[in-house]
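These features come from TrEMBL:
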- 45-277: domain 'G-protein coupled receptors family 1 profile' (DOMAIN)
- 31-54: transmembrane segment (TRANSMEM)
- 66-86: transmembrane segment (TRANSMEM)
- 92-119: transmembrane segment (TRANSMEM)
- 139-160: transmembrane segment (TRANSMEM)
- 180-203: transmembrane segment (TRANSMEM)
- 223-241: transmembrane segment (TRANSMEM)
Amino acid sequence: MATVTNSAFTSMTSPSGDPDDLSLDVWSVPAAVIMSLCFLLGVPGNIAVIILKPNFQQLSSMTQSLMLNLAVSDLLCLLTLPLWIYSLLYSWIFGLMACKILTFLIYCSVYGSLLTVVLLSFQRYMLIVHQQFQTKMRLLLVLLWSVSLILAIPALVVRQEIPDEQLVRCSNQYSSQPQMLAVLLTETLVGFASCFIVAFSYIQLHRKVNRAAFFNNPQTSRLVTRIIIVFFVLWIPYHTMNVLSVVATTFHDKLSERTLQQRKRMQTEQTLILQLQ
């Protein structure tokens, strides 16, 4: 059975002379620069948040826990970046097990960050609109990471070492188009459901609550609002490309290959830059 391949964190090049292949080759250097900046800025920044906890005394205990959780999940992703940068510029030399485990950690981190932002938004909505949000923080975090681990399991299945001329790439290799569609649809449904919850929470806040009450803690409101803005800016294009990939794969149109190539580029940039939030 023919396999379907897709690279989420590395660019795939070909000597075929196709303009898309050339653009991927040219694109890999800027992508590596962006990842390097993410690493240099993100690692010390998130470590500082975890250790110093700046302005945390003005946040509720639950918001503090969620902010720390966001920093930890971001740091988990950022610490793997040097390996992905090397792989992007040269070749994957770290073995199949590392390929699967590191990708699994990346997806755990991304889903952990995603669900944390959703909880931050929903928490503010419940506290301000309904004056209630009582739950055991430890249980909530365990549930959050359990869901993240489950959602990341497909990475262990589809991630493979794939020969690319004289190089080896750590890339997604699907056994069939239905498997590929299942993975893409899961990512897309989780992503858009999360975006819907975040948007719903903030729309309801502005509809039902006096703006003075909503911004009674300006620092907290600015912090959460910035996180939400970055969340939408970086996630919407990613999931839009997912939808286009699903449509192209389902209907086998002539643009399917081009769409998947565009998705490869966007996945590398969007998924990793997301960790700067």
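Every residue number used here counts from 1 along the chain in the order it is shown.
Note: Cβ is positioned from N, Cα and C throughout, glycine not excepted.
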At least three Cβ pairs under 8 Å linking the transmembrane segment (180-203) and the transmembrane segment (92-119), pairs spaced 6 or more in sequence? yes
Residues of the parent chain within Cβ reach of the transmembrane segment (92-119), under 8 Å, 6 or more residues beyond its termini: 8-10, 66, 69-70, 72-74, 76-77, 80, 83-84, 86, 140, 144-145, 147-149, 151-156, 159-161, 167-170, 190-191, 194, 197-198, 227-228, 231, 235, 271, 274-275, 277
Reported mean pLDDT - the domain 'G-protein coupled receptors family 1 profile' (45-277): 79
